[in-house]
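> The following feature annotations were taken from Swiss-Prot:
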DOMAIN    162-332  domain 'Helicase ATP-binding'
BINDING   Asp175, Glu176, Val177, Gly178, Leu179, Gly180, Lys181, Thr182  ATP binding site
MOTIF     278-281  motif 'DEAH box'
DOMAIN    443-597  domain 'Helicase C-terminal'
Amino acid sequence: MPFAIGQRWLSESENALGLGVITALDQRTVTIYFPAADETRIYAIAQAPLSRIVFSKGETLSHQAGWQGEILDVQNMNGLLFYLVKNPQDEDVIVQERDISPIISFSQAKDRLFSAQIDRSTHFALRYRTLCHQQAQFKSPLRGLRGTRAGLIPHQLHIAAEVGNRVNPRVLLADEVGLGKTIEAGMILQNQLFAEKVQRVLIIVPETLQHQWLVEMLRRFNLHFALFDEERCNDFDLDAVNPFTTESLIICSLNWLETHPNRVEQALDAQFDCLIVDEAHHLVWSETSPSAAYLFVEQLARIIPSVLLLTATPEQLGQESHFARLRLLDPERFFDYQTFVKEQEHYQPVVNAVESLLANKALSAVEKNHISDLLLEQDVEPLFKAIASNNDEEQQRARQELIQALIDRHGTGRMLFRNTRQGVKGFPHRVYHQITLSEENDKIDWLIDFLKLHRDEKIFVICQTAATAIQLEQILREREAIRAAVFHEKMSIIERDRAAAYFADLENGAQVLLSSSIGSEGRNFQFAANLVLFDLPTNPDLLEQCIGRLDRIGQKRDVQIYMPCAKDSPQSRLARWYNEGLNAFEQTCPMGMALFSQFADELEKVRSNSTALSENEFSGLLKQTKTAREKLKIELEKGRDRLLELNSHGGEQAQALADQIADEDNSPELVNFALKLFDIIGVEQEDLGANSIVISPTGTMLVPDFPGLKEEGVTVTFDRELALAREEMEFLTWDHPMIRQGIDLVASGDIGKAAMALLVNKQLPAGTLLIELIYVVESQSPKGLQLNRFLPPTPIRLLLDNKGNNMGEQVAFETLHSKLKPLGKNIANQMVKMARSNIESLITRGDQLVKSLAEPIIAEAKNQADQQLSAEINRLQALRAVNKNIRQSEIDILEQQRTQSLDELSKANWRLDCLRVIVTNKE
């Protein structure tokens, strides 16, 4: 059928888009706008998966104005249809097809049944189960959290759930080194992408970390990002195309944007939804002279709705630098540094009160006054009385309620997440070994002996410079044939990736990785547990960064730190200062840089000449440092923001979330569904044992391509621990693209839409007709509203006997399906022809019955949406009165969403998705 502008067509692959209208046409493509979903699609005319929608005389037509009427006549004029319709006022009116409502139900299952396109009964069962699983997954609170290839770390899951559920989140992720900020950012992003809150994402990272982010996003989250650099962008300049509009998920380097201002302008014009900046502490800012990098990130942050900044801890940054990050997130709120400092001081009494609540101590009168001042709108006297009561359960409830109220009103608690090792338990120990040598030149011999003694271990070696690392590699290779990889800042990103992969290879890889102290930034090697400091890093932060390559989440063993140096050498004395003064080898030392600056003059003498200080003078320096460290530690502990820590690690709720995902990991439900899906589609399966299988395409599959299935096959596992150990395997969860798109493949395709089966039952007369009808209640609405969380496509099952009685509740689906036998296609077609009028009558009866079942589902969805969105709006409005970090724009968006959501849910409808005709026989 020829295309014409104004015609109405249906997408066969995306029924949920509703009825589309042709808006543009050329020799090769047709453009269709789908008003119900506010989406546009462009199709190749030769292969367009479209169905022309033509209504017949006697059918009911829905007008876009909201009324319905019976079609009296149909006329075709130049390819466009005009319907003569009787409207509700009993008037005959002409309706052009462009005025037909875009929200429309299609009984394609019936059409397939009567046109001899009858599927097997097992295909119908797969379709119904798929619809049920689809509904369950849209409603699941674990959606977007469980699919990450990572361990179930409670604080990471808490942050991902808390931030991921927000509208346009703008937050600072400032966990200590090794606690997984990259994973947190990826989980937040995945959550937002799943909810369709964001679609276009820009990630800006240091040049050395580009490939690592690219690999992490793909390996852990199945997100395919594009890497942008000048060479790639130059290809688009000839066509005058903004390169940033050619991809939705983009990674680029900070240095590249800094040196190419024209690319910043293009990024500003590309309308991204989400900005992620790693190592944001490198953005230098002061009130008088902010850096160029800070300024262009500020420009991007002003126009991109969602912003995630990954940065060092506030203790490491210093207050001014910390303020600069917060200023990027909310310049209206953080407009003046001195005001910010005063506000931070104001929270100290509240922190003290929280300490008392956590320690189950009685609240002092001063603490009660501070709590009352902060919670002005809440009557806290009953809670104070409960805390003073003798009822332990009542006491704990009141303490938790007060703590939660204080967290909600915390100064930066909504914008800042900072977990510390002190707050996150379960890390292995660090064990420091100082190796005293006769001479500095003995280090190479010691290293060779050490490597020979630990042949089966992976060893990470830190050198001061790239030259030292290169020289060491040559010596190890030539003298002992020790396989070593080199890693330093002068290598290209690809060379560093290859070196890291060579070191990570457990079978044929390098035993040792020789890295410059700067070159290792951002790289993680927690599969190794031995660190050799061939040269000592020049400051405490650099030392912590080097140790943090191994000592991080995922490390299973104690980290052994070896420091070989000559007795009384400058390196030896500096190592003693790190160890005895800072205790920086065996514990993290957030005050390290402050002490390094405080004793800079003395340390400079030690580093330049080991005898510049006498032993007594050096011992005095160690004592002074230790005393200053203890004093700073006490001050830090006093200023330790327990409210922020509670908000960041999530406590019992975070653990409960991890436990829920672990329970789902152990459930056989996904495995059973996936294997049945692969089997019916025609995907070949080879069991490898040990919780893994190889799946491969075949020439007899029901579909041309199965999502994510390569021609050579894919090894998959449903086991999280195995997936973490074997990166070459795909980790299948309900969130994996192969499963999600497999569900979409079935739900949006024709598999199982019309089926027929035989029921052997001696109690029923032979030839008794039953019909199973599966309707789907859904809302055809814009994606951004995320109405699937309230009303996902919801299947309603009817089982009608030949008198039109619904037995769906009395006869369970699986019980009935297990008793059915297949029918040959020819016999099935003959039976359908013979029973057509009865089948049509039963379908009409089903259409009448489903209304009473669908309307309560829609009403409940509206009620849920109203309650949930209203509760969040009311909560934010109450908090905004006492916490300036709540943005009015966030409340405005939620109010707009509530109005639009309720309006769209009122338009929700239902359609017949699939049916199964069942004929009985005695045998």
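Using N, Cα and C of the backbone, Cβ positions are placed for all residues, glycine too.
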> By DSSP, how many residues in the motif 'DEAH box' (278-281) are helix, how many strand, and how many coil?
2 helix, 0 strand, 2 coil
> Setting Asp175, Glu176, Val177, Gly178, Leu179, Gly180, Lys181, Thr182 aside, what same-chain residues sit with their Cβ within 8 Å of the center of the Cβ atoms that define the ATP site, listed in sequence order?
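What remains near the Cβ centre is Glu184, Asn419, Arg552, Ile553.
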> Return the count of C-beta atoms lying within 10 angstroms of the C-beta of Lys181 (ATP binding site), excluding that atom itself.
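By my count, 24.
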> Long-range same-chain neighbours of Gly180 (ATP binding site), Cβ under 8 Å, sequence gap at least 6?
Ala150, Ile153, Gln156, Arg552, Ile553
> Would you pick out, from the binding-site residues Asp175, Glu176, the residue whose Cβ has the largest number of other Cβ atoms within 10 Å?
Asp175
> Are there any residues in the same chain, six or more apart in sequence, whose C-beta is under 8 angstroms from the C-beta of Thr182 (ATP binding site), and if so which?
Trp213, Glu216, Asp278, Leu310
> In the structure shown, which of the binding-site residues Val177, Leu179 has the fewest Cβ neighbours within 10 Å?
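Sparsest of the binding-site residues Val177, Leu179 by Cβ contacts within 10 Å: Val177.
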> Averaged over the domain 'Helicase ATP-binding' (162-332), what pLDDT does the prediction give?
91
> At a 10 Å cut-off from the C-beta of Gly178 (ATP binding site), count the other C-beta atoms across all protein chains.
23
